[in-house]
């Protein structure tokens, strides 16, 4: 069956209906209370704010911890809240507040002060965040000019520089998108765009790191790393400022409409995300009914469809297509390199089964191809979905780094898919990703990257690699503590593949190792078979790298290797309590209501809740 393992949705329909009915009743009561609270709270906030403003006018400003004074400023339109405008003299205090949470305070303060001197006095605290993002953008221009000035005749280095240019362009594009989103937002609703800003700026950090990683170890790479240091510092500061600005705006009295806006915001966000999905398309996500499926294009190797290759179907997709574009891919092995670029958002690919419709390739690092470019399949366009498909890299263990799929599509979903490879099978590169009821197979670091990705109800199989090789399920690559990225393995099974079972004693296997300084991985409510060593986690190349700064955690795992008593004693490892584990569930970690809204099965919280 094409959809043989989809969590028995029908068994949960009645329970889901009851839950939704209860939710409607609760929301109805809450709405009445919110309206009442809005009227009372709005009046109270206004009076309190007026009194507070008068009191602040009588006090001195010699304490940095004092709240900034607010006043009316000339504006083309009335401010939407008391937080909209600030006196020019208060800008320095706000800068200090926003920069206090950063890792590089002097740089943050100098950046914002220099940027504010270039323009009219800042009348909106959000302008300071935009100034920080502009600084990253400008610095990237200068950084890449310096990179281009470096002399090299080595072909690999020249290729790495070319790749770096593409990555810098992607970073600048997402910086531009971030600034536009800030411009288009209302102050009262700034909190609603925070997850997007976090995702985009986290990706900007990843792109810069990938640029450096593209060079072989040596003098040139050291020079490249040095050049990117300034832009990475500025990116880190921008990420830190998002949270502190959100906190600052939330602490300032708002007009009474805020309560009403918040009461309606969840529904509006959901409508915005799913406006391009019809009811029929949502139903399609729950079960593949080939007869009822009416795709925009059909791919079939035997010629029974519109196209015989996936790339041909993508090439025929209309430019700037509005809505979701569905491609049905009939059973067969498709030996082609596929890239769904950023100009193709909202693409859905549906196969006949994860072991029937397979995209395959064999590019590898052993063939002198950089890891980033070895992927058989690349998903970049926002909102990509794949269902009942397989993705392979057949380079084998001798190929070393050989990626089956690289995913950087924001809000991407993979349902009942299969990912097969050895080292570096699944490159969960950037942005928010959700994998449900998938099979992932590999040896070394076979789930790696710097996305915010949750793997739920998946089977993770460790296979036999090269003699003496140690297996690691994950190698998460968070560079900076303010990135909102990390891997969560939730309600999954980690077990030996069939080829490893007879010889598993000869191959030590671990849940993960730290690829980058702030690597973050959580394994919770999962079954861990005895293939995993009791210590659980592996050092990076037998060093102490990142053991103080990483964030590895477990919660209520079972199975022969689920116990944590013998786990590593690193400062960065811990066993979570229930409240802590909740932070890494789909709801808060991926803002996962968008997954539920499109009709995909998903558990937003813990299974033991």
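Every residue gets a Cβ built from N, Cα and C, even glycine.
Between the candidates 371, 430, 484, Swiss-Prot assigns the substrate site shared with 401, 513, 515 to 371. Among the ranges 25-45, 46-66, the one that Swiss-Prot lists as transmembrane segment is 25-45. Across the structure, residue 515 (substrate binding site) and residue 445 (active site, nucleophile) are spaced 9 Å apart at their Cα atoms. The binding residues for substrate are recorded as 371, 401, 513, 515; their greatest pairwise CA distance is 18 Å.
Cα separation, residue 513 (substrate binding site) to residue 183 (N-linked glycosylation site), rounded: 40 Å. Inclusion criterion for the recorded positions 100, 306, 401, 423, 491: a C-alpha placed within 10 angstroms of the C-alpha of residue 445 (active site, nucleophile); this criterion is met by 401, 423. With every protein chain in view, the residue among the recorded positions 100, 183, 306, 371, 513 whose Cβ has the most Cβ partners within 10 Å turns out to be 513. Taking residue 423 (site 'Transition state stabilizer') as the reference point, none of the glycosylation sites 100, 183, 296, 306 has a C-alpha atom within 10 Å of its C-alpha. Within 8 Å of the Cβ centroid of the substrate site, not counting the listed residues 371, 401, 513, 515, the chain contributes 423, 424, 444, 445, 448, 475, 477.
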